[in-house]
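Heads up, the thing below is written out as structure tokens.
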Amino acid sequence: MAVERTFIMIKPDGVQRNLVGDIVSRFEKKGFKLVGGILMSVSQDLAEQHYAEHKERPFFGELVSFITSSPVFAMVWEGENVIATARNMMGKTNPADAAPGTIRGDYGISVGMNIIHGSDSPESAQREMALWFKEDLTDYDKTVNKWI
Ligand code: DAT
Ligand code: MG
């Protein structure tokens, strides 16, 4: 397995509900490395670009207005197989179907407000990191990595 990077975003409902610490903690405890993070308001343009693959879907307008309604916490996490593992940690898109123990399964109720976004493939991780993090990400060694 390769060391990968993935784009993770805590959506406005997660920030408003004080879940930032819990979610960051889950990724830290799992053994992943935080290499970028920012609390930010999302412009209409960024929201539309981020969700471009859904622009023909009936919920697109609702999705863009939700994501621009209040700040998000955008991050990049690094580690072995982090793209797929983060998706498993998030749980299914609809929180009603997400297993207990996953982020959406533990905290989400409706598909419209499902707490967190995570890249779904290496290609989307590349695209989303380039879109959200114009500055360089932070490279550093973690001595604990020899135990992971
Ligand atoms: P995911 O966020 O799990 O990658 P997705 O890419 O299919 O899911 O959809 C992006 C977001 O759009 C999702 O997190 C919540 C919203 N969404 C998806 N399906 C929806 C639906 N049927 N009704 C309302 N919102 C929906
Ligand atoms: Mg998606």
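From the backbone N, Cα and C atoms, a Cβ is placed for every residue, glycine too.
Predicted, not measured: the structure shown is a model, and the values here were computed from it.
Annotation comment: TrEMBL describes 3-139 as domain 'Nucleoside diphosphate kinase-like'. Restricting the average to the domain 'Nucleoside diphosphate kinase-like' (3-139) gives a pLDDT of 97.
Positions annotated as ATP binding site by TrEMBL: Lys11, Phe59, Arg87, Thr93, Arg104, Asn114. Annotation note: Arg87 (ATP binding site) sits in a helical segment as assigned by DSSP. In this view, Arg87 (ATP binding site) is surrounded by 18 other Cβ atoms within 10 Å of its Cβ, with every protein chain counted.
According to its DSSP assignment, His117 (active site, pros-phosphohistidine intermediate) is in a strand. The active site, pros-phosphohistidine intermediate annotation in TrEMBL covers His117.
Assigned with DSSP, the residues of the domain 'Nucleoside diphosphate kinase-like' (3-139) fall into helix, strand and coil as follows: 59 helix, 30 strand, 48 coil.
Only Phe59, Thr93, Asn114, of the binding-site residues Phe59, Thr93, Arg104, Asn114, place a Cβ under 6 Å from an atom of ligand 1.
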